[in-house]
Amino acid sequence: METNCRKLVSACVQLGVQPAAVECLFSKDSEIKKVEFTDSPKSRKESASSKLFPRQHPGANEKDKGQQGKNEDVGAEDPSKKKRQRRQRTHFTSQQLQELEATFQRNRYPDMSTREEIAVWTNLTEARVRVWFKNRRAKWRKRERNQQAELCKNGFGPQFNGLMQPYDDMYPGYSYNNWAAKGLTSASLSTKSFPFFNSMNVNPLSSQSMFSPPNSISSMSMSSSMVPSAVTGVPGSSLNSLNNLNNLSSPSLNSAVPTPACPYAPPTPPYVYRDTCNSSLASLRLKAKQHSSFGYASVQNPASNLSACQYAVDRPV
């Protein structure tokens, strides 16, 4: 059968006839077992299918599968090649770290030549030294930021919390630009709450005692009341003027200026006003002695009933 098919195929080729199975005969001559040269529908379908899906050698399929497997292996290896290999960590010795830290304390931004010198001293590469300085600067900046944050957080004590409150929280009873309508009286101020003074246990009005002068004039009045008993020859107009000054000043000062003790310090020592008062009394006594020595103690001044201002105006120039 196979010999007959081969003879028929050779004859058809010589005559120029190309049957439907010629391609199969030329491609795989030894494997053809049955050849149909009829024009039956079955043969036509088989010829069409053979053109669309030509037969392949089973060894070729195995070769193709092997090539596909190799391509897959190459594709699997490509991402690993593209993936950046992890660099090994550099383990510094204590001597190297000591040298690097000493240089960092002197210069935080060394140039290329300095880095090369450090690399020679520490037996490292310039790239390793550059990376170490970069990481060390980042650590230093982070520590500086943390220290500044701690200072800002703990810089103000609790006694200053009252000063940090808003205006509305400190003075809830007062509206904007309404001071004239309510009036700034001592009663209105005493009823308001001041967080800063409350935290320090201080009355707001008691702060006036820290800035108000002492009752030097009242002490002057007490000392001046003793002058007539000691001085006899002094003109009466000056004594009357002192008494008038005491009568005018002492009630107003005693009613206006409170005298609570300062909570921060012991009672203050006498002011200079008392010293001047004592010096004036000493001068008055000295003048009295001079008048008594010259015999003017019995002389009466005709203008003794005048006030201090009238006496100053009527004096002859």
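Backbone N, Cα and C atoms are what each Cβ position is placed from, and that goes for glycine too.
Taking Swiss-Prot as the reference, the stretch among 97-110, 209-222, 237-250, 279-292 described by the feature motif 'OAR' is residues 279-292. Summarising the environment of Thr90 (phosphothreonine), the number of other Cβ atoms within 10 Å of its Cβ, over all protein chains shown, is 12. According to DSSP, Thr90 (phosphothreonine) is assigned to coil rather than to any helix or strand.
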